[in-house]
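One structure is given below, encoded as structure tokens.
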Amino acid sequence: MRRGDGRLSHDLLPGEAPPQDECGVFGVWAPGEEVSRLTYFGIYALQHRGQESAGIATSNGEQLLVYKDMGLVSQVFDDQTLSALQGHIAVGHVRYATTGASAWENAQPTLGPAGSGTVALGHNGNLTNTRRLMELVREQSGTDLSGELGRGSSTDTAVITALLSGTAGEGTGSLEATAMSVLPLLEGAFSLVFMDEHSLYAARDPHGFRPLVLGRLQRGWAIASETAALDIVGATFVREIEPGELVVVDEDGLRSQHFAKPSPRGCVFEYVYLARPDTQIAGRSVNAARSEMGRVLAREHPVEADLVIPTPDSGTPAAIGYAQESGIPFAQGLVKNAYVGRTFIQPTDTIRQLGIKLKLNPLREVIAGKRLVVVDDSIVRGNTQRALVRMLREAGAAEIHVRISSPPVKWPCFYGIDFATRAELIANGMSIEEIRASLGADSLGYISTDGMIEATAVPRTRLCTACFTGEYPVPVEDAEGSAERRDYQVLPPRHPGSLTIAGAQ
Ligand code: SF4
């Protein structure tokens, strides 16, 4: 049965969608555990990374099963489906579409034949050489595409699955050997969790754009996009999957090999907005990084005001940091209607006109007559902040000083985050003063790029900052829509370098 896809908020508030991550992945190898339920809670903890579809694959050592559908984790799975997913290995996935439409055919885990068995794969990231890889698949298979591509999937993940299925030639042996020959061919961002009937695999691109971590369960191993998902299933964080590393877990234990030399460029936007605040990346607490961004912002853009309020929830840690550094009291001036984007009614014109009020409601007694510092994590198109400023004025705010804990977003992301086209980005072609006037704020201040980087405690040379600086660590000329992207600065390329039963595909 097709279910709602969780996107009502986008339909209600056109042009106001925040930056979207495009996926969360989770994997577990744990004999004697209910791996489908562990995976359910793992991807539930990663729901913020994708709300369009969810899926889980399991294996009992002989047969691989996949269940996936459109919708939130809690809508896709119930007790009956989780009970049907038996075994000791599982991978799970939540998806937000960047490559390929939001459709059942593109939901993950994807499936394909692998040697004498089957591969099920979940991907977080976005490849930048998908066309070339697709040509490779076509060279091997001609126009008669099988697997996910044959079933109508249009994602880079389906192309990876086809390559792992051995359609590219060399991969006729074990999945591990095939992966070692296929992974060096992939360019762009990929944090992969995949499995066959006997083993769990995790791989991360040489730049490590997207996070991927390894955890220890009492009776096995877990792999997740974020440490918070490990915490929630009771796994102890062991280490990050290294950039350029392939990890395999099976009955012989855990082993690791590198398919490429690491050249770390972790996504700085994970610290700004994407990751959960209770996650750690590269040893740094995301919440601590966000609070520090607020402190830096207070030093860089001080203002006389009565209250610091966040745009809930993502602006909260930076607002707390701003309040601590400035000495201006922190207050909750807006209440978030947390579940509005997760209901499945058809929006009417009347409902659309309510706009941001459906998501945020001002606490008039807190903000009336006050000079406010309003802290948010980022501005993409500016529609949300414009509506917010208007709402706060209507609620009686005396002054509104907008402070943003990331620099102006001027460039699109090709490594897995869906901001907007370059033309839609408000900071593309507008000065800070013009943006301030457009928002209707009394003042506007963005953190500097150096200040944001300092707050992550990660050296600049190990971060991707492309959406702020235009410095792309991986060439993007192969990405779709390249006409708009020709003026990018390109850094030197990295070194060369409803229930589906698998097997019936
Ligand atoms: S372009 Fe921006 S969002 Fe994309 S990986 Fe780089 S820092 Fe992250």
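Positions of Cβ are set from backbone N, Cα and C atoms, glycine also.
Annotations in TrEMBL come from automatic prediction, not curation.
Look at TrEMBL and you will find Cys23 tagged as active site, nucleophile. Positions annotated as [4Fe-4S] cluster binding site by TrEMBL: Cys267, Cys413, Cys464, Cys467. The Mg(2+) binding site feature in TrEMBL is assigned to Ser314, Asp376, Asp377. For 23-252, the entry in TrEMBL reads domain 'Glutamine amidotransferase type-2'. Among the features that TrEMBL reports, region 'Disordered' is placed at 478-505.
Sequence features, as recorded in TrEMBL, placed on the structure.
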residue	record	DSSP (3 states)
Cys23	active site, nucleophile	strand
Cys267	[4Fe-4S] cluster binding site	strand
Ser314	Mg(2+) binding site	coil
Asp376	Mg(2+) binding site	strand
Cys413	[4Fe-4S] cluster binding site	coil
Cys464	[4Fe-4S] cluster binding site	strand
List of residues, in chain order, with Cβ under 8 A from that of Cys413 ([4Fe-4S] cluster binding site) and at least 6 apart: Asn126, Phe269, Phe419, Ala466, Cys467
Candidates near ligand 1 among the recorded positions Cys23, Ser314, Asp376, Asp377, Cys413, Cys464, judged by a Cβ under 6 angstroms: Cys413, Cys464
Whole-number Å value for how far Cys267 ([4Fe-4S] cluster binding site) lies from Asp377 (Mg(2+) binding site) (Cα to Cα): 15
Nearest of the recorded positions (Cys23, Cys267, Cys464) to Asp376 (Mg(2+) binding site) - Cα to Cα: Cys267
Separation of alpha carbons, Cys267 ([4Fe-4S] cluster binding site) and Cys23 (active site, nucleophile) (Å): 14
Ser314 (Mg(2+) binding site), number of other Cβ atoms within 10 Å: 21
Other residues, Cβ within 8 Å of Cys267, Cys413, Cys464, Cys467 Cβ centroid ([4Fe-4S] cluster site): Phe209, Val268, Phe269, Tyr415, Gly416, Ile417, Thr465, Ala466
Cα distance (Å, whole number) from Ser314 (Mg(2+) binding site) to Cys464 ([4Fe-4S] cluster binding site): 21
Alpha-carbon distance [Ser314 (Mg(2+) binding site); Cys267 ([4Fe-4S] cluster binding site)] in Å: 17
